[in-house]
Structures are given as C-alpha cells and as structure tokens.
Amino acid sequence: MGNQPKGGSSTASLHTSMLQDVFGSDSVTKSVLYSYKRTINGFVVELTEDEARKIAGVSGVVSVFPNEKKILHTTRSWDFMGFSEQVQRQTSESDVIIGVLDTGIWPESESFNDHGLGPPPDKWKGSCPAATNFTCNNKIIGAQFYRSNGLFNSDDFISPRDSDGHGTHTASTAAGRLVNRASLFGLGTGTARGGVPSARIAVYKICWSDGCYDADILAAFDDAIADGVDIISLSVGSTIPNDYFRDSISIGAFHAMRNRILTVNSAGNQGPGRATITNFSPWTLSVAASTIDRKFLTRVKLGNGVIYEGVSINTFDLKNKMYPIIHGRNAPNRSSTPASSRFCLGNSLNRNLVKGKIVVCDRLVSGSEPLAAGAIGALFQDNRPRDVARSFPLPASHLDMVDGSRIFVYINSTRNASATIFKSDEGNDTMAPYVASFSSRGPNPITPDILKPDLTAPGVDILAAWSLVSTVSEVSGDDRLVPFNIISGTSMSCPHVSAAAAYIKSFHPTWSPSAIKSALMTTASPMSSGMNSDAEFAYGSGHLNPLKAINPGLIYDSDEVDYVNFLCRQGYGTRLLEQVTRDDTTCPEARNGTVPDLNYPSFSVFTSSSTTVSHVFNRTVTNVGSPMAVYRSNVSFPTGALKIRVNPDVLSFTSVGEKLSFEVTVEGTTVESMVSGSLVWDDGEHRVRSPIVVFVSIST
C-alpha cells in the first residue's frame with residue numbers, strides 16, 4: 001500500500017478496517033497475519049484468488065501478490081582487488097551500519113568480536129531480542145527474526161541465530177573483523193576479514209530451512225529502514241522475474257531509497273542463460289559473481305600410475321591408499337537400473353557393490369548417494385563448466401568428460417582397478433577475473449534499456465565465517481563442523497559490494513544511494529568480452545574496485561523524483577504512484593519511448609527487431625573531484641555503421657558540487673545481436689567510465 005500514511009494513523013487498525021469494508025461479516029475469518037507499520041504500509045493476510053482480486057481494486061492498494069518463496073543466491077578476495085588491510089580508512093567507519101537480510105548470524109564467531117568498538121552510533125534505533133541463545137555486542141548491534149506463518153522446522157533456531165551458515169558468511173564478508181590463520185582444514189589459509197571491519201552489523205533473519213518468504217522480507221525492510229541502517233545487503237532472490245511492485249525486494253528497496261539507503265543485492269545463480277537476472281530494479285545495485293586468482297584442484301591417481309586433475313574442495317586425506325574403483329552403471333540396486341545408477345541418483349546404488357570403493361558418476365551431484373551407499377570416495381564427470389569448486393561429504397573430484405572417459409577405459413581394462421583421491425591443492429588462476437558460469441546474466445527482463453547487472457565482484461571459492469551447526473557440504477551424513485567455510489555464489493559477491501558501499505559512506509556520509517552506486521560503477525575495472533562472451537550482460541560496468549570508488553571525480557546522481565518519472569514512463573499511473581509515495585505525483589502526459597532520461601551511470605539501447613538505431617541519452621554529472629576541472633570525452637566503440645556522438649564533448653567545472661549536462665547520441669544500423677563500447681570522461685586524474693550497449697534480442 002505504498003508509503004506510511006501521514007498523520008500518525010494506526011496502520012494495523014486501518015488494515016483491519018479495510019478487510020471489514022471489503023468482506024463484511026466474512027472478515028471475521030480473515031485475520032491480519034502481519035502489518036508493516038514503520039516505513040512501509042501493507043499487510044499479510046490469507047486470501048483466495050478471487051478475494052485477492054477483489055481487494056486489489058480497493059482505493060489505496062498498490063499491489064496484491066502471493067507470499068512466494070525466494071532462494072539464497074569467502075580472504076583472498078579483498079587482496080585480489082588491491083584492497084589491502086592498510087588502505088586509508090576513516091574513524092567514521094564505525095558509524096556505518098550494514099543491515100544484512102539473510103539466514104541470521106553465528107554471534108560467537110571471532111569475525112564478530114567487538115574488541116575496541118565503542119557503543120552503537122546515536123542514530124541507531126534498532127534492538128536485540130532477549131533470546132536465551134543469542135546476545136548482541138558492539139559489533140552485532142541489532143538482530144531480529146521474521147516468520148509470518150509462525151511455523152518452524154526442527155532445524156531452525158527460533159531466534160536470529162544462523163543454523164544454515166549463509167548469513168554468517170555474507171555478514172563476515174561485508175564487515176567481519178580480522179581473524180588470523182583462518183582456513184578450511186588448511187585450505188585458503190590467511191587473514192579472514194570483511195571489507196569494513198569496523199562497521200556495525202544489524203541482522204534481519206528472513207530465511208529459514210524452507211526458504212525466504214516475501215512477507216518476512218518486507219517486514220525486515222520495514223524495520224531496517226526505521227532502525228537507521230546505512231546499507232542493506234541482500235543475497236536473496238526469485239527464480240523468475242517479477243514486476244517492480246509485485247516483488248518484495250524491489251518494493252522494500254524502493255522505500256529504502258526514499259530514506260537514502262542503498263540496497264545491494266545478488267544478481268542470481270541461474271546463469272549462464274540470457275535474461276536470467278531476477279534482481280534488477282534501477283534503485284538497487286545488482287551484483288554478478290566473478291573469480292579470483294585462487295582455485296582449488298583435486299588430483300586423482302589410478303592404479304596404473306596415471307594422475308588426473310579435477311576441481312573440488314576436498315579436505316579429506318586418504319593417505320595415498322589405493323581403493324577399488326567402480327562405475328555407477330555397474331552397481332545398480334534392485335530397485336534401480338544402470339540408467340539411474342550411472343548418475344548416482346538417490347537410492348540407485350547397490351551398497352554391497354559400492355561399499356569401501358570409489359564410485360564414478362556421470363553427473364555432478366551432491367555426493368549424498370555415494371556416501372549413503374558406503375563409498376569411500378566419488379568422481380564426477382560431465383561437461384559442466386569447472387570454474388567453481390564444490391565441497392562434498394566424502395573425498396571427491398569433478399572431472400571433465402575427456403578425463404572421465406579415460407578413467408572409464410581404465411576401469412574396463414583390468415579386474416583390479418583402483419584409485420585414490422588426494423586432498424585439494426591451491427592453484428593460481430591467471431585468467432581471473434572472469435564471470436562465473438552460474439552468475440545470472442542480463443539483459444534486464446522488465447526494462448531492457450536499463451543495463452543489468454550493474455557490476456561484478458568476487459563470488460567464487462570465498463572463505464568466510466560459518467555457523468557451527470552447519471556442515472561443510474550441508475549434506476546429510478557430513479559431520480565436519482567448522483568456523484570458516486568456502487562457498488560460491490552471487491550471494492558471496494553481493495556483500496563485497498555492500499562493504500565497498502559502506503566504505504564510500506564512511507568518506508562521504510551525505511552522498512545519496514545513487515551517488516554511491518555511480519561511484520562504484522564508473523570506477524569499476526574494465527573486463528574483456530573475450531573472456532566473457534556475454535560481455536556487459538555478464539559483468540555490467542566491470543569489476544569492483546573499492547579503492548578508486550571513494551574518489552570517482554564525477555557522479556551520476558538521481559533521487560526519488562527521477563525514479564518516479566522513470567516509473568511513469570514504464571506505464572505506472574499517477575494514482576498508483578501517489579499511493580506508493582504518499583506525495584503529490586503527476587506523470588507527464590507525453591510518454592515517448594520506454595525509459596526516460598533516468599540519470600543512470602550506464603547506457604543501454606534495446607532496438608527490438610529493428611536494425612536501425614536512433615537514440616539520444618540526456619545525462620547530468622556532478623563534480624565531486626577537483627574544484628577546477630576540465631573533463632574530455634573519449635568514446636570507444638567498434639568500427640561500423642553505428643555512430644556515437646557526445647555533445648558537448650568537453651565539460652569545464654569551476655566548483656565542487658557543480659552539475660553539467662550532456663547528450664549521447666547513438667545512430668545508425670547494426671546487424672549484430674549485441675555491440676558494446678564505453679564513454680570515458682577524463683580530466684587527467686579521474687577516468688569516469690560508463691558502458692554503452694546496443695542490442696536487438698533479449699534471449700540470444
């Protein structure tokens with residue numbers, strides 16, 4: 001129902017009255033499960049589809065949508081980006097509060113000690129519950145949990161405590177304290193640290209053993225905004241794209257933006273297909289996942305002495321002992337067939353044939369079936385990308401089809417085939433960074449003319465803090481409990497950017513969310529389309545460079561009015577937007593084009609099926625660098641029929657805070673499905689870089 005009503009009316013009573021007005025005597029059976037009453041106006045109630053349609057037509061209702069489940073989308077990474085422990089920091093870093101919406105947190109982790117931290121900043125309005133198994137400190141200054149249906153599984157802590165590990169991992173990646181000699185059984189050894197070790201953490205537990213639900217996500221946004229957080233970090237998302245005001249994350253982030261809070265969220269793990277990104281609203285910062293220069297390799301030695309190298313995070317040590325090796329297709333149980341046992345699917349392997357052996361599987365699976373069947377180890381072979389190392393509940397390695405086929409030939413060449421699996425080694429990935437295969441790609445499925453994702457950050461094989469009740473592989477039967485774990489996902493890249501945003505906030509506390517976002521995007525390190533075939537649809541503006549972002553030179557700033565105008569051009573009417581904002585809002589009558597000149601730090605042109613392009617972007621930049629500065633434009637674009645013009649091509653500033661405007665015109669024809677380049681504004685000290693993308697097809 002948009003923003004909170006003005007005048008201090010009780011939203012809970014208004015919500016109950018609305019139900020009574022709509023359903024009359026039938027409303028006695030419809031209780032409000034949850035009322036949002038701090039910054040967002042809305043409520044949760046059980047309705048049939050017909051009842052939902054009826055209440056959707058009531059004045060004041062912006063949208064009605066089902067309480068859908070969302071899903072959860074490691075410290076070499078900071079050094080890899082050139083962001084060392086010795087970077088310049090502000091004492092005000094300890095005044096910055098990051099709100100982490102996730103699975104909770106393990107408060108006893110050394111990553112969250114509060115040594116040397118004073119009390120929370122005065123602006124903090126949140127609290128910590130009097131839970132018997134949870135205590136806050138001057139690092140974790142607030143913690144809440146949300147469960148609108150009141151139902152909990154046996155694996156859940158009914159408190160902000162993390163039973164999964166995901167929330168602990170993301171929170172420590174963003175703002176964990178320095179912990180020396182951190183590792184996963186010797187792998188990834190180093191100093192674990194977050195990007196802003198002195199920043200405060202506010203925990204909002206929205207995810208449980210069965211997922212993360214919209215009702216709880218909105219409740220957490222409602223509290224986080226009112227509590228006074230500076231940055232919201234959210235590594236959660238849908239599996240399918242939703243309209244801006246039928247998506248709890250987009251709605252919550254819009255209200256956060258109105259309160260000058262930047263929401264950073266994960267792009268999703270549905271890649272590498274096109275238009276798979278599910279967090280893409282223009283008022284959020286959407287983060288893809290890319291590699292760092294560390295990879296984990298696991299060697300396999302056969303009885304004939306031949307050694308093959310796969311990828312996994314294998315902490316088990318078989319002490320070089322050789323074990324019999326068998327292919328899964330040769331070990332089906334009575335209720336299975338070779339067609340399923342070859343893939344090591346659930347309840348497919350014969351324990352009598354597999355026990356004490358290494359089993360070869362023709363698909364990358366969790367390892368739960370080989371473990372349950374008594375296997376001593378497992379080898380997985382398929383044609384999936386091997387850019388990510390995974391943990392398994394038993395010794396294992398992921399091999400490509402060529403090596404897998406050779407192992408299969410060896411097994412069939414002798415009656416006494418044997419093998420062993422070594423503990424993983426760390427290797428150097430000289431090609432890094434490149435975007436991970438799992439990272440969701442653009443273009444933006446709702447508004448193609450807004451380029452998404454915005455940028456990429458480390459999200460592969462990241463070591464960070466972990467819950468002491470969640471095992472390494474999170475597979476039943478794994479009994480390894482550890483304080484630090486190595487995992488991958490856009491969930492891991494998101495808190496890197498949240499930390500960088502908080503770092504900027506400590507230097508520039510008055511900057512708007514869009515200013516911080518602009519600084520991160522325009523200073524991102526360029527990436528190569530040769531290493532990333534989807535180019536900007538994979539990495540957006542480029543790779544996170546937090547050190548440069550505190551001094552971007554120019555920023556593309558936007559405020560609520562700009563986003564409202566954007567929504568007008570998206571087809572949202574004046575009446576609905578007035579309900580969203582609770583302000584006088586008038587959409588302009590002229591709605592030429594699909595996107596207005598939203599002052600976005602990137603340029604994207606979607607031409608549908610046409611090969612003729614004619615588009616003019618209007619942009620305004622604000623000088624945040626040297627008072628007297630002259631910026632010259634430099635366009636880099638493939639030679640062809642498309643022409644890019646910038647007018648004016650020189651911007652001369654005489655003061656900090658001065659705003660100057662320019663136009664970028666894209667004209668001509670193209671036969672390519674996608675072509676891209678960049679515009680750079682350069683004053684000799686700063687290079688303010690923005691990608692330019694022209695594309696015809698969304699899906700290919």
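Cβ coordinates are placed from backbone N, Cα and C, and glycine is handled just like the others.
Because TrEMBL annotations are produced automatically, they should be read as predictions rather than curated entries.
Database features, via TrEMBL:
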{"type": "DOMAIN", "residues": "8-69", "note": "domain 'Inhibitor I9'"}
{"type": "DOMAIN", "residues": "94-540", "note": "domain 'Peptidase S8/S53'"}
{"type": "ACT_SITE", "residues": "ASP102", "note": "active site, charge relay system"}
{"type": "ACT_SITE", "residues": "HIS166", "note": "active site, charge relay system"}
{"type": "ACT_SITE", "residues": "SER491", "note": "active site, charge relay system"}
{"type": "DOMAIN", "residues": "597-694", "note": "domain 'Subtilisin-like protease fibronectin type-III'"}
Which whole-number value in Å describes the distance between the Cα atoms of ASP102 (active site, charge relay system) and HIS166 (active site, charge relay system)?
-> 7
Please average pLDDT over the domain 'Inhibitor I9' (8-69) for the predicted structure.
-> 84
Distance from SER491 (active site, charge relay system) back to HIS166 (active site, charge relay system), taken between C-alpha atoms, in Å | 8
Identify, in sequence order, the residues in the chain of SER491 (active site, charge relay system) that are 6 or more apart from it along the sequence and have a CB within less than 8 Å of its CB; answer 'none' if there are none.
-> LEU72, HIS73, HIS166, HIS169, THR170, SER235, VAL236, SER266, ASN269, GLY459
Reduced to three DSSP states, the domain 'Inhibitor I9' (8-69) has 27 helix, 11 strand, 24 coil
Where DSSP helix means H, G or I and strand means E or B, what are the helix, strand and coil counts for the domain 'Subtilisin-like protease fibronectin type-III' (597-694)?
-> 0 helix, 61 strand, 37 coil
